[in-house]
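Under the heading domain 'Sushi 1', Swiss-Prot lists 32-94. The N-linked glycosylation site annotation in Swiss-Prot covers ASN57, ASN93, ASN174, ASN442, ASN493. The feature region 'Disordered' is assigned by Swiss-Prot to 281-356. Under the heading signal peptide, Swiss-Prot lists 1-31, citing sequence analysis as support.
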Amino acid sequence: MKRGRPAALRCLLLLRAPALLLLLRAAAVQGDCGPLPVVPRAHPASASAGSTSFPENTTVLYTCDQGFVKIPGKPDAVVCISSRWTDIEEFCNRSCEVPPRLPYAILKSAYISKNYFPVDTVVEYECRPGYRKKYPIQSGKITCRDDLTWSTPAEFCEKKQCPNPGELVNGNINVTTDLLLGSQIFFSCDPGYRLTGEASAFCMIKGNAVGWSSSLPTCIKIICPEPPQIENGRIVNEEDTYEYRHVVTYECNKGFVLTGKSHISCIVRDDVGEWSDPPPTCRVKSPPVIPPQKPTTTSAPGTTTTLPTQKPTTVNTAGPEVPTTQRSTTVNVPGTKVPTTQRSTTVNVPGTEVPTTWKSTTVNVPAAGNRPDTRTTIKSTTASEEKDLASGYRTFLYGVGVGVPVIVCSLGLGVYWWIHRTSGQYETYENKESNVICHNLNESDATSEITSSDKLKKTHVYKVDSFACGASNHWLADIAKEDLRRDFSNAQNISSLLQVLGAAQTQ
């Protein structure tokens, strides 16, 4: 009996085991879901994708594989409900990327929110604000191609143009490119004007149109401040306002000298009017300062007397012995010094020159005795070292005044000798050869010559034997007397002139 109980128990246990397993299994899967369904071109996104059992109400999300995009409107998740997964369709497909952004156009509103663009999908653009369609009208559509790229769009829009900005009075508008959307223009004023407002403007979008970012500026005339007044002077033609480039002229009162610029101009610096230079000043006029001067030499031309050409005739006549030959007398008369800052002025006054171009003719007349020739030489007086032309001229006159008496004395001695000689000599000019022949004058070596200076010479010498020709030879004495009378008269005139000048200088 004891051996039979264990066997029976074992059989009973073996019979009850499958039932227990079935009971246990039924209790485990009741309300749970099994493995996730397979979705083409997608895979579960959760980490529990490898699980085989999912509790009730479990939701599993799928994600499209690489290169595919979710088809809009199709579910991409499954839910465990009553031990079953909800149905799911293929929701992933190939698609182009979002259409490109164009600078001149945007997608129409129907395509803006989409992200699924399968092959052969067509989208359409419209012009952006500030642009307009070109004419003839071109298409603004593009297509998703088989290689999942978009077709190249045509540039079917162009920029709108801003209106003409107008004219800037007393200024200029510089258009660098054009007047289309996005362009910029610059404003500037003419010289002498200041710009008030914006210096530039942009062509920008204003609503559905385009316009300038700012209005035209204005150019205002620049005015300089009142010119400064000066002491002891005034402004010539003074005005109320002084504009750009206006010139102001100054002048000084009588007795004053202007120092500085007499003219100043209204200029513009940093859009502000100002004067080009400081005003001048007026100072008291000072006596003029005479600068040192180099010596000035002035030559006063002399008087040249031309006598008719005559041949000299020499007549030998006996007379008393004549005193010995006198030496030349030179008289230097110092000039009067005048205080001055100038250097000395030298005045050279040439003497009177009488041409001596005659050839001498010597005729000898028998005489009681031959006397040695007497030669008298008187040199002219020279005046120099004068300070100016006037003092030089006076010095010259003083020299003449001293020299003329010497000449007169010499002539007096000659006259004395002429009158008292028994056999003498006389100088004159003779043109008539018949007179000489009439008196049978013979050539003789003994001659007498009177020379006034190197500029005044008499070379006609007559030698007469006590005027033996008688009454017919009185012409010799008459000629001699006439010459002496003329020389003495000239000497008296010069002496009188010197006395008058001396009296004037004394005063």
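Cβ atoms here come from the backbone N, Cα and C positions, even for glycine.
What Swiss-Prot annotates, mapped onto the structure for a quick look.
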residue: ASN57; record: N-linked glycosylation site; Cβ contacts under 8 Å, 6 or more apart: VAL79, CYS80, ILE81
residue: ASN93; record: N-linked glycosylation site; Cβ contacts under 8 Å, 6 or more apart: ARG41, PHE68, VAL69, ILE71, TYR116, PRO118
residue: ASN174; record: N-linked glycosylation site; Cβ contacts under 8 Å, 6 or more apart: ILE185, PHE186, PHE187, SER188
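Across the domain 'Sushi 1' (32-94), DSSP helix (H, G, I), strand (E, B) and coil residues number 4 helix, 22 strand, 37 coil.
Across all of the domain 'Sushi 1' (32-94), the predicted model scores a mean pLDDT of 87.
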